Structures are given as C-alpha cells and as structure tokens.
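*Asks:* Could you have a look at this structure, given as structure tokens, before my questions?
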Amino acid sequence: MIQTLADMRRDYTRDGLSEANAPDDPFGLFRQWFTEATQTEQAPVEPNAMSLATVDADGRPHCRILLLKALDDRGFTFFTNYDSAKGQQLDASPYAAMTFFWPTLERQVRIEGRVEKVTAEESDAYFQVRPLGSRLGAWASPQSQVIRDRAELERLLAETEQRFLDKAPHCPPHWGGYRLLPERIEFWQGRPSRLHDRLDYRLVANGWQRERLAP
C-alpha cells in the first residue's frame, strides 16, 4: 500500500532540551550540538549542510542548500559566487536565515541575521584548500546564468583547465565568503507527541536573551 502524505510521520524519542543544560551564549550550545552531529550523523547526511534563505529585490524568498565552512564568535561563514543569484540578493538585501537539521539527533537550529562579506584574505585562504576541480569550477561556471547545454559548461571548463595548465588557479574576484552575524538563534529538539522543546536566543543591547517558545 502506498503511504499517503497525510499518513507520513515519525515520533521523536530523544532527551529534551532544558534551560538548565543550555548556556547563556548560543554559540556554545551550537558548537556542542554541531560536535555531536559530526559524531552521530552518517552519509548521506552532511552535518555542516544548511538551507540558506534570501530575498530578492521584490521581496520574494529563495532557498538552497549550502555548506557551513567556518564558525567563530562573529558568526557563520559560507562561500559562493558573488555574481550568483544569492550574491545579488544579498547585495540588495543583506539579511538571511539558515537552518541546520540533524535527523538522527532529532534536532534543528534556525539562525537569522545580517550578512557581510568576509575579507579577501579569508576568501583566498579557504579557496586555496579547495580541491583543484572545485577551484577550476569557480572560474569556469557563470553561476546562475543561462547556458545552452551541458556541453557548453564542459567547454568552459576545458578552456579554464588550459588557462591554468602551468599555474595554480587563484581566487576569482567574483568568488568569496559571506558571514552571517546572528541576531536570533533558535534550538529545536524533537519530543514525543509534537510537544517539542524550543529555546530562542535573541541578541539585545547587553547580550543574549533566552526564552522558551511553545511548539
């Protein structure tokens, strides 16, 4: 029997999230959860995969999956083509939201805030540790632009490979990182009967304010 969408569900059984076990600083809790996710989640789940939501000039939302590539006390860093659709949207409206979901742990983290470009030095440092194919692809692909077919993309890649045949590809000027500076971070822990735990951290004048939200 084919299961209908209305019947598709699972119950959550793991331990809850209490204020007593949650630090005052959300970065500490995120690092703890992220470490546990890297130790627990298995392929095909990528623990650093996240959905990134942006809005265009008309206020229409757009969402896609990216990988978190750096985390410090300033915020959450990802890299992309600055000329891509997301890059243009962030130029027009420098705010975004990201969501991490770790199904084995039955956890979700939502993050909202302002976005800024990282320094050229930070972008270059990460670019240089990427696999060669990824570095060549950053030069070859006119991301988010219409191309005729796959053959055109492969032709662009072949031309790029010839261009860098005798030298290592450097970081393109149209490619680099963004850092999301969080103003709100919500931690969600699945619980039985859909009575989930939600702890919401909001940045206020004197630090972070933590509140519990109804599921």
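A Cβ is built for glycine as well, from the same backbone N, Cα and C atoms used for every other residue.
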*Asks:* Pick the one from Trp102, Trp188, Trp208 that Swiss-Prot also lists for the FMN site with Arg64, Ile65, Leu66, Leu67, Leu68, Lys69, Phe79, Thr80, Lys86, Gln108, Gln143, Ser144, Arg198.
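*Replies:* Checking Trp102, Trp188, Trp208 against Swiss-Prot: the FMN site match is Trp188.
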*Asks:* Across all protein chains in the structure, which of the binding-site residues Leu66, Leu68 has the highest Cβ count within 10 Å?
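*Replies:* When each Cβ's neighbours within 10 Å are tallied, Leu68 leads.
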*Asks:* Can you tell which of Lys86, Arg130 has the least company, meaning the fewest other C-beta atoms within 10 angstroms of its C-beta, among these binding-site residues?
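*Replies:* Counting other Cβ atoms within 10 Å of each of the binding-site residues Lys86, Arg130 gives the minimum at Arg130.
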*Asks:* Tell me which residues of the chain lie with their Cβ under 8 angstroms from that of Lys69 (substrate binding site), as long as they are six or more apart in sequence?
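*Replies:* Same-chain residues close to Lys69 (substrate binding site) (Cβ under 8 Å, separated by 6 or more) are Asn48, Thr77, Phe78, Phe79, Tyr126, Gly177.
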*Asks:* Greatest CA-CA distance (Å) over the residues Arg64, Ile65, Leu66, Leu67, Leu68, Lys69, Phe79, Thr80, Lys86, Gln108, Gln143, Ser144, Trp188, Arg198 that the record ties to FMN?
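*Replies:* Largest Cα to Cα distance for the FMN-binding set is 37 Å.
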*Asks:* Take the C-alpha atoms of Gln143 (FMN binding site) and Arg130 (substrate binding site) and report the distance between them in angstrom, rounded.
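*Replies:* With the alpha carbons as reference points, the distance is 18 Å.
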